[in-house]
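Trainee: Here it is: the structure, laid out below.
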Amino acid sequence: MATTSSFESIRARAVWRTCLASAFRTALACSIVGVATLFGPESFKIQVAFPAFSYVTVILIVTNATLGDTLRSCWLALYATIQGVCPAILSLWLIGPGRLTASTTATAVALSAFVVVLPEKTHLIAKRIALGQLVIVYVIAYINGAKTEPIMHPVRVAASTAVGVVACVLALLLPYPNLACCEVKEKSKLFVENATERINLFVKAFSAEDNTSALALISKAKSLVNNGPKLLQAIKSKQESMKWERFPFKFLRPYGENPGDKFQEIQTPLRGMEIALENSSSIFPISILNIELKDGLEKLGDHISKQINNMSIDEWSATVPESNAHDAEKFLQTLQLIQPTKKDLPSLFFLFCLKLLLHKPTFPLSSKKGVDIGSNKQVDDDQEGFVKKTWNNLSMTINSRRFMTSFRCSLSLGLAIFFGSIYSKENGFWAGLPVAISLAATREATFKVANVKAQGTVLGTVYGVLGCFLFEKFVQIRFLSLLPWFIVSSFLSRSRMYGQAGGISAVIGAVLILGRNGFGPPSEFAIARITETFIGLSCSIMVEILFHPTRASTLAKIQLSNTFKILHECVDSIAFSSSNKNNSEEIQKNLKFHVNELGKFIAEAEAEPNFWFLPFNSGCYGKVLGSLSKMMEYLLFGSQALRFLQQHSTSSIDWNNIDADLMLFKDLISTSTKCFEEVSLVKSLAILDKEFEKKKNSIDLELGKSSSYNIRSLSSNDQDGILTSYLQHSNELVDFIINVGDDKNNDEKLKGQLVLSLSALGFCMESLVKETREIEKAIKELVQWENPSCHVNLYDISCKVRALANTQTN
């Protein structure tokens with residue numbers, strides 16, 4: 001318990017350090033901009049005419065950034081300036097600033113924004129900076145009219161952007177560089193400690209003598225379980241940043257490899273061990289554990305812990321004594337005496353995952369010299385590839401989805417500027433700027449995001465006004481009062497309530513008040529900013545509703561059906577044929593993508609206002625999503641077990657009985673997933689029954705049953721019978737392989753591994769059927785909730801849907 005508490009304490013301190021460091025870097029960058037624009041020479045102030053946009057650029061780039069992120073953002077800012085400022089110079093020169101009106105300004109911004117947003121692969125930061133530049137260039141030109149210089153005005157916007165970028169680079173270099181590789185190294189150390197502690201707790205729980213001790217150890221491990229994936233995600237997210245840090249600093253090249261993929265090979269089996277213990281929670285002590293097996297398990301756990309502990313980011317080494325490796329191999333040989341039963345499957349699955357950790361460690365990729373030589377070429381290729389990829393964005397394939405995304409963004413921005421300028425010509429650009437810099441890469445929960453942006457803006461603006469009041473006599477240093485707000489905003493960005501959108505809005509709201517100069521009294525400016533922000537967000541919401549009318553709950557319903565379709569294909573791909581290996585992996589990746597998309601739509605639908613629509617049943621969707629996530633994991637582990645069996649398959653081994661049992665398992669699952677795919681799209685049972693009654697004379701209900709998928713409900717007796725048959729055939733197969741072998745030692749080791757792989761496959765198939773049952777309950781509950789006055793029988797509904805579909809195609 002002390003170790004677990006120690007790890008939690010270390011992680012809490014790490015979170016505080018991260019937030020404080022982020023706040024310090026942001027404050028330093030804003031201070032650099034403030035000092036330069038307030039105390040710089042007059043000639044410099046004339047060229048950097050828009051310090052407000054310098055602050056905005058700082059917030060867009062430096063928030064939670066490392067030096068590598070900032071160096072990449074330098075290139076992105078240059079690319080954004082070429083996209084935004086350069087065409088604007090030509091437009092202003094051709095149109096003439098004196099001819100601009102509210103409508104022509106809004107149109108010019110909208111057309112330019114469409115061109116900026118259209119390329120799919122342009123980085124989001126580049127798009128946001130370019131859109132912000134467009135707003136400043138055109139709206140300020142409209143405000144100043146004929147006084148605007150067509151060439152120098154856009155150049156000054158570019159100069160203001162450059163000041164923000166330079167401030168970011170300096171802030172990430174001073175007082176010492178904030179390097180991604182150092183951050184990854186720290187996170188890697190935490191991940192290794194987390195993984196080692198989990199392994200030790202899992203092994204102790206597995207060896208426990210009673211349920212009470214086992215459950216206590218499992219409970220301790222659960223406090224660490226959530227942190228592992230978060231640390232792994234943080235490590236993986238810095239891969240691109242590490243490449244950019246290697247580019248200017250030669251001495252960082254040994255840190256070139258991001259360990260994210262290697263750590264994933266640890267995280268996946270650990271998740272499997274957790275699943276096994278969850279399914280073994282009432283059968284302690286484990287029946288298969290004798291004294292010899294328990295001793296071997298303890299040695300194996302120590303061996304794997306030492307392997308993981310010896311991992312380091314700069315040199316992938318896992319030096320452990322050979323005797324430990326020999327003991328680990330010997331442990332596998334003892335498994336050949338086991339004759340698995342149904343209740344032994346979770347225990348053997350636990351040992352299978354332990355074997356994955358043993359045989360899939362992070363071995364040295366190459367010598368250090370090899371890494372140095374190889375990384376030089378790799379870095380050059382990466383940098384060249386990035387530049388080439390960015391410039392290739394100019395020649396891309398335009399599809400309807402990208403067209404509509406660009407159109408919605410440009411229309412939102414155009415309307416925000418138009419109505420903002422009508423309300424207040426002098427402050428019109430404050431309506432467009434929030435829309436420009438909050439462009440999202442993916443679909444968002446429109447009302448929720450607009451709400452947190454508005455709240456963040458109000459909070460930041462009010463704090464700015466209070467700061468101006470407190471520092472009324474110290475105008476030159478009042479931006480120092482931003483430091484506490486940066487710390488608060490850093491925590492807001494990490495909170496579930498506000499998220500990054502609300503946190504950034506809060507920072508910008510305060511910075512633009514405290515760092516401004518020449519905008520009149522703070523309270524008046526604050527009210528104008530809040531009003532213009534409300535206008536901009538209202539335009540954004542209106543466009544989303546008009547051009548994206550499909551509710552998130554409807555999209556979740558459609559995505560649920562699509563996910564069941566991919567799940568059906570994924571289950572069908574399970575076979576002993578080695579030719580299915582690549583196809584199965586691709587389908588599993590596709591399934592993971594669809595499950596993640598379903599999760600996004602569910603999260604959006606939960607935050608969506610109901611208005612006059614039926615409330616979203618987040619409970620049922622949450623149950624289905626949870627079961628789908630588990631099924632995805634079982635399919636992954638099942639495919640790994642199959643891969644081992646395929647590797648040791650020869651022409652003398654008859655897999656027909658095992659394959660036949662697998663086919664029965666697949667039939668149980670596929671029947672249901674096909675049914676769920678069809679039923680989940682039914683909007684109303686009353687309409688379905690009405691349609692069926694209308695065409696009853698021309699429809700034979702047997703048409704719905706004559707498909708290649710035999711519709712039948714899941715039966716526990718069927719499942720138990722198939723599992724018993726599978727275990728019997730597995731034992732017979734292992735005995736046959738041993739009887740035809742010549743090398744006793746190798747046979748014992750192979751038999752132990754075969755027992756684990758066959759048992760793991762059986763456990764995964766049984767668990768897939770179990771989760772399919774859970775999904776069936778949730779889908780039935782969901783359909784009943786949507787149709788409270790109807791009797792719900794999923795398989796009858798599926799038959800009717802299929803029969804109607806067959807009559808339409810015939």
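In case you wondered, yes, glycine gets a Cβ from its N, Cα and C as well.
Caution: TrEMBL annotation is automatic and unverified by curators.
Pulled the feature table from TrEMBL, pasting it below:
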- 415-543: domain 'Integral membrane bound transporter' (DOMAIN)
- 20-40: transmembrane segment (TRANSMEM)
- 46-67: transmembrane segment (TRANSMEM)
- 74-94: transmembrane segment (TRANSMEM)
- 100-118: transmembrane segment (TRANSMEM)
- 125-145: transmembrane segment (TRANSMEM)
- 157-179: transmembrane segment (TRANSMEM)
- 405-423: transmembrane segment (TRANSMEM)
- 497-514: transmembrane segment (TRANSMEM)
- 526-547: transmembrane segment (TRANSMEM)
Trainee: Do at least three C-beta pairs under 8 angstroms join the transmembrane segment (20-40) to the transmembrane segment (157-179), pairs 6 or more apart in sequence?
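Mentor: These two segments touch.
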Trainee: Counting Cβ pairs under 8 Å to the transmembrane segment (157-179), which of 46-67, 74-94, 405-423, 497-514, 526-547 comes out on top?
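Mentor: So the stretch in question is 46-67.
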Trainee: Given a Cβ distance threshold of under 8 angstroms, which distant residues of the chain, six or more beyond its ends, lie next to the transmembrane segment (46-67)?
Mentor: 22, 25-26, 29-30, 33-34, 36-37, 40, 73, 77, 125, 128-129, 132-133, 136, 140, 155-157, 159-161, 163-165, 167-169, 171-173, 177-180, 183, 238, 241, 244-245, 433, 437, 490, 493, 500, 503-504, 507-508, 511-512, 515-517
Trainee: Take the transmembrane segment (526-547) and find every residue of the same chain, 6 or more past its ends, with a Cβ under 8 Å from one of its Cβ atoms.
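Mentor: Distant Cβ neighbours of the transmembrane segment (526-547) are 404, 407-408, 411-412, 415-416, 419-420, 423-424, 427-428, 430-435, 446-447, 450, 453-454, 457-458, 461-462, 464-465, 509, 512-513.
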